[in-house]
């Protein structure tokens, strides 16, 4: 992947990834109803402008482009809207553009009322390999306070200057990772004899909820990993990939770990939301990470049924559960260490190891002791299964190499700690 993807020009990361300010994290989780409600799907097709020969398209999985108009010979204004409301400020966009002849155009990204621009543009010529848009070709309007996090830091709209021609240019808020690409990654892993795939359920639109099992599936020592409850949260997904690939690697540590533990992974919790280009919700119009108490949605219910069924079958325990997400900046939402699960102090010891092994890194940790109702995945993992659990939120713009370093180091240190615990039992 191109080096420009590291996003260093966007954020100042000091030597050793030291951090000057920390994101304070979100407030208390609100309990909301999770009964299904309607969503509005976008019209799919090509937006053609005959006078300029320019064509925009949202005809691919993961696209989001609700409308576009031409302002003058070289300027176009796009409208990006959500699947329903109320909704988190995660305005995902993704489209393709080309033209009969080579030309330079400006595209202004606008959003529904009260929503601002969040994701810095990424470009691709094949939908696989991505780079960031040159900052000299990016302009913000009504910019926010960039010293803060959240909506107050965001611009109202932005303008992108793009060079286009007969070859397709892809534009998106993050690297595109739709269900086809995720399932291709899963299939590549299952070429190894100690990794298997199974379907644990289906989404409302009938997409498979695929789970991979890594290591000893007869073991009573288990861990659970999930990702992509929220469609745009690609950086969390990328961290999950590196984390799982480390557990699945050929290292001596990984081989030893796989003999003692069974690792279960649902890489894509919300395939409908991802493929429809939704900002936050599933096809039931619900934030899946608010449905871990009621289980009204098929995606959360499938994971619940799998975990409870496996425990009933093998009389084992889930010792660790992690849910990968993305947010404004890196943060670990943990269970307060005064609460003890199946492997006490595992998460706090693990975070200490991250601090020790990544030079200059001080993990941003937000513990919580209010876990009932279970509402979010972390709470369910801990309350119902005793798994030492957390949500790992990766920053939207975390440099990809740093993201990978944290995931790889995290997986290695976790395996060491869990093996030590099992040995001392």
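Numbers run from 1 along the shown chain.
Note: Cβ is positioned from N, Cα and C throughout, glycine not excepted.
Feature annotation from TrEMBL assigns domain 'Peptidase M14' to 172-421.
What TrEMBL lists as active site, proton donor/acceptor is 393. Taking the Cβ of residue 393 (active site, proton donor/acceptor) as reference, residues of its chain lying under 8 Å away and at least six apart in sequence are, in sequence order, 236, 325, 326, 327, 330, 331, 332, 333. Classification of residue 393 (active site, proton donor/acceptor) by DSSP places it within a strand.
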Can you give the mean pLDDT for the domain 'Peptidase M14' (172-421), rounded to a whole number?
98
